[in-house]
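Record features, source Swiss-Prot:
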- 8: active site (ACT_SITE)
- 122: active site (ACT_SITE)
- 167: active site, nucleophile (ACT_SITE)
- 51, 53, 94: Zn(2+) binding site (BINDING)
């Protein structure tokens with residue numbers, strides 16, 4: 001069974017008025033909306049993800065003294081007794097739950113409502129970063145994505161949305177590691193970076209995890 005996963009098509013990422021606008025993200029609205037309705041694709045299920053942060057989320061630069069957005073930051077494991085760390089990035093405040101910025105863009109939300117499409121939220125625990133729609137960066141806390149896919153007998157996932165080098169990539173890798181046949185549809189994604197080398201590296205990482213990377 002095939003499931004389409006639409007990643008983070010939210011105002012803060014897609015609208016020019018958003019706080020963390022992905023370049024050319026608006027270009028995806030109509031194509032992804034059409035893709036969700038494409039009968040030839042034979043989607044068994046569609047899942048839409050959202051960043052859904054509390055205002056004090058650890059990934060927001062404003063919540064750290066003397067830190068600016070896009071600066072590097074060392075995340076420490078939230079698990080007591082675990083001294084592991086991960087290097088990451090601090091972001092502008094974005095997708096604070098129940099605000100305009102966290103809302104799905106209208107065309108996607110309309111389909112969610114009319115077709116009763118599943119929404120999976122991530123990033124709602126204050127003390128940890130998330131990119132994958134399956135779990136936090138530590139793989140400690142799990143969202144309900146995998147349980148939903150298993151419940152509906154999914155064995156194949158197709159992933160679209162933003163941003164390619166962050167949440168799309170992480171979600172695809174998680175899906176592949178969980179045993180799903182995974183495909184990223186590049187024409188239906190957009191990266192934050194405009195560096196071709198960054199995009200090439202993402203493609204290589206995806207392919208190294210046996211993920212299909214195709215245009216459409």
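Just so it is clear, glycine is given a Cβ too, placed from its N, Cα and C backbone atoms.
The closest partner of residue 53 (Zn(2+) binding site) among the active-site residues, by CA position, is 122; the full candidate set was 8, 122, 167.
Cβ contacts within 10 Å of residue 122 (active site), excluding its own Cβ and spanning all protein chains shown: 28. Close to the recorded Zn(2+) site, the chain also has 10, 12, 20, 52, 57, 59, 91, 93, 95, 96, 101, 102, 123: residues not among 51, 53, 94 whose Cβ is within 8 Å of the site's Cβ mean position. Mapped onto three states, the DSSP output places residue 167 (active site, nucleophile) in helix. Neighbours of residue 94 (Zn(2+) binding site), defined as other CB atoms within 10 A of its CB across all chains, total 24. Taking the Cα atom of each, residue 51 (Zn(2+) binding site) and residue 122 (active site) are about 5 angstrom apart. Close to residue 8 (active site) in the fold, though at least 6 residues off in sequence, lie 49, 50, 51, 95, 161, 162, 163, 167, each with a CB less than 8 Å from its CB.
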